[in-house]
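Database features, via Swiss-Prot:
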COILED    156-405  coiled coil
COMPBIAS  470-492  compositional bias 'Basic and acidic residues'
COMPBIAS  546-556  compositional bias 'Basic and acidic residues'
COMPBIAS  584-598  compositional bias 'Basic residues'
CROSSLNK  Lys471  SUMO2 cross-link
DOMAIN    719-782  domain 'SAM 2'
MOD_RES   Ser37  phosphoserine
MOD_RES   Thr39  phosphothreonine
MOD_RES   Ser40  phosphoserine
MOD_RES   Ser434  phosphoserine
MOD_RES   Ser466  phosphoserine
MOD_RES   Ser540  phosphoserine
MOD_RES   Ser601  phosphoserine
MOD_RES   Ser636  phosphoserine
MOD_RES   Ser794  phosphoserine
MOD_RES   Ser999  phosphoserine
MOD_RES   Ser1003  phosphoserine
MOD_RES   Thr1005  phosphothreonine
Amino acid sequence: MMSDASDMLAAALEQMDGIIAGSKALEYSNGIFDCQSPTSPFMGSLRALHLVEDLRGLLEMMETDEKEGLRCQIPDSTAETLVEWLQSQMTNGHLPGNGDVYQERLARLENDKESLVLQVSVLTDQVEAQGEKIRDLEFCLEEHREKVNATEEMLQQELLSRTSLETQKLDLMAEISNLKLKLTAVEKDRLDYEDKFRDTEGLIQEINDLRLKVSEMDSERLQYEKKLKSTKSLMAKLSSMKIKVGQMQYEKQRMEQKWESLKDELASLKEQLEEKESEVKRLQEKLVCKMKGEGVEIVDRDIEVQKMKKAVESLMAANEEKDRKIEDLRQCLNRYKKMQDTVVLAQGKDGEYEELLNSSSISSLLDAQGFSDLEKSPSPTPVMGSPSCDPFNTSVPEEFHTTILQVSIPSLLPATVSMETSEKSKLTPKPETSFEENDGNIILGATVDTQLCDKLLTSSLQKSSSLGNLKKETSDGEKETIQKTSEDRAPAESRPFGTLPPRPPGQDTSMDDNPFGTRKVRSSFGRGFFKIKSNKRTASAPNLAETEKETAEHLDLAGASSRPKDSQRNSPFQIPPPSPDSKKKSRGIMKLFGKLRRSQSTTFNPDDMSEPEFKRGGTRATAGPRLGWSRDLGQSNSDLDMPFAKWTKEQVCNWLMEQGLGSYLNSGKHWIASGQTLLQASQQDLEKELGIKHSLHRKKLQLALQALGSEEETNHGKLDFNWVTRWLDDIGLPQYKTQFDEGRVDGRMLHYMTVDDLLSLKVVSVLHHLSIKRAIQVLRINNFEPNCLRRRPSDENTIAPSEVQKWTNHRVMEWLRSVDLAEYAPNLRGSGVHGGLMVLEPRFNVETMAQLLNIPPNKTLLRRHLATHFNLLIGAEAQHQKRDAMELPDYVLLTATAKVKPKKLAFSNFGNLRKKKQEDGEEYVCPMELGQASGSASKKGFKPGLDMRLYEEDDLDRLEQMEDSEGTVRQIGAFSEGINNLTHMLKEDDMFKDFAARSPSASITDEDSNV
């Protein structure tokens, strides 16, 4: 290729030389026309010029003698003509003038030659680059050839290993044949002995011994398999314990940092106390100077100072309590370290696996008990001070209530609280405030009521959204005496945490559980679905109503309109009724509540709700909070401890009514005798006797019965189907309300929702499937708390991806309005876009968002603006996951028109139809491993509870040993198969059949071997 290019370049250069030589030859002409133009008269004499040039060249090459000889041969006329022509040519004055033109042409040709030389150099460089690429490709080809050769070598090795395995198999067959030969030899010997001595008792005993040895080998094999299985669980438990130790060390550091911050804050509080004391002294002096004789005011001021001192003392006591709990936490950490040391020492001994497993479980139970004792430790009692009032308005009136600090440290993840001292500010009278941390681990409730003060203690914790924050607004006309104010505040302050949402049962213990040892709850509808232990006490229907009563209070502000009065009276979250002295303030309370209620609700007074439910047909997309709870929240709990099997017919019917399945009672009321009837019923019985044709209704009933027979208390069982219809509004899918309401889909069914269930509910869009999947994951992350979703903007300056996950569809539309995309925000209605889909779904990216918003592709600035704010909102980790998803080879852009295709069984799979059905039934919309780790979304590619950063090299080596042990298990299984085949051949022998009737011991062993 390079030689062809060089030949082309040489030809081009030769052509240029010829052109230049021809141009020089034209200098001799004296014409005024361009010799290269088609109209030039020299075009015909160009040949003569070439001949003259050739003549000149030949003459220069000849010698003098040859020139003279040639001159003699030229005719005289020709010579004279040439002389005249040449002399006249030299005497004319045209040559110098025309020479300039030719010189210009020559210069132009020289320039063209230089440009061609440059082009030649460029072409040369390109040729060299192409040569480099060719060499690189040849190198890659060599590498691929080497890889192919390596693959062929591996294939040869695999073939060799296969042949070696076949030879081993042949060896085993040869051994079996040898054993058969030995067996025949033994049989011949037996016949000889029988003929000679007629005594075969010894031989029978040997045969029995052989049988016993074979059975012992089988038992040893089973023991080895059990030990290997226990080794796997032990390694998993060891790794989980390492993770727990790492978490405990991290929490220890956090607690130490918190302790240091609390020390600094205590010092700042002391400084504030000194400043307050100096301020009080100054005010006292001022009062003494201005109002002599008013000793009562001075005494009140002293009382106020004493109360402030008591407040600081309570803070110091709380700090000491936290120090004590930190020490307890350190002791528990030391116990974990000791337990880890014992595990490391005992992990190499094969015979102590089971004991180690038992000891680790016992130690974990002891640690869990120690942590539960920590949580039962009393919190410091609140020190309350009554406010003071100055009737003359000459001094600064102050109302200060002590901060109530309650620290609740869970088993593994104690939260930290950082308190900051605010800047000096003058504040108008503010309502009582209550602060709590999101996860409920550490709660700081502060009741501060000031009119004008120099300093105010604030907390950096997030404000609670509970009803305890909705207090009275003070005004100038609301100033009362000291005694009346303290009497009004007494009921509210005696229960400082009455407005906080309750901790779900089992939350603390669930954090103590081993992530490898937790029992994964799955729905199974097989033959043993309704088996319940006889001594197991189940939860009754009134208990479910009681727990529902607790969550219904803080689910929605408008939900108070649907609650009966007796449930409000028994609820721990209700606001105490105003006293006669504070009747003036009730109007302010209702005004404040009216501002904070949901937009769909029309009233807040329970007496205004004349109709409990919507009467004009099915569930509409705008129903909102008009939907009430299906359960009677005011039931008595007299049969709380009665097992479901002993429930009467009326109780079972009422329970079915609460589950929303009351329509089947007319056809099945005669069939239901007690709770045992439902527990023993099969799928066919439910469909035939109760007439339940709807598959989701049968699934709902079976899940509810399974929950009654389970000892676990979960929050998803407390969410009924009316809550799910409101939840569809929150995630932006109100168009499916009718289908979900007809299917009576509740929180438990959401937890176990499968793809087939969604398809039966007529949800066929891929986007809507992913929306429901990520919404269920958000509910699992938040432990199915009814009010975990964020419907309204709170603090826009501190938006984290964990908070964006909780955004509803309406909140996302509010965010679009805040980023100047208000005209496109209504396009998200009914799209299923919520915070969980935006953050947790890798396939949902900016392009999908822009398509759903109907932003045209040509509006690049708008799309860039949306991408900037979208990436800032979801965080860096979610961006990385979305980029990884886009880089996958099978990535397809998520659109609103994509449909879910139901799986179809091929013709070859009809033999395994039952197995296929079971596998499809386990295909959950949201897999069980998603959202199980509370407080964070599961990391991509890792199992919940595992963190690869905490693994050491020893752990990885042990994992490799576990993989090797699995190979050992397979070898043992193959060896046991050979032993079983050998014993089977021995049993089929006629010798054993003959002696089975003679010897009773032989018959016993035969029966044992047949088992």
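Glycine is no exception: its Cβ is also placed from the backbone N, Cα and C atoms.
Remember, it's a predicted structure, so these values are computed and weren't measured experimentally.
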Original post:
With every protein chain in view, how many other Cβ atoms are within 10 Å of the Cβ of Ser794 (phosphoserine)?
Top reply: 12
Original post:
What are the DSSP helix/strand/coil residue counts across the domain 'SAM 2' (719-782)?
Top reply: 46 helix, 2 strand, 16 coil
Original post:
When the pLDDT values for the coiled coil (156-405) are averaged, what is the result?
Top reply: 72
Subject >> Three-state secondary structure, which DSSP defines for Ser794 (phosphoserine) >> reply: coil
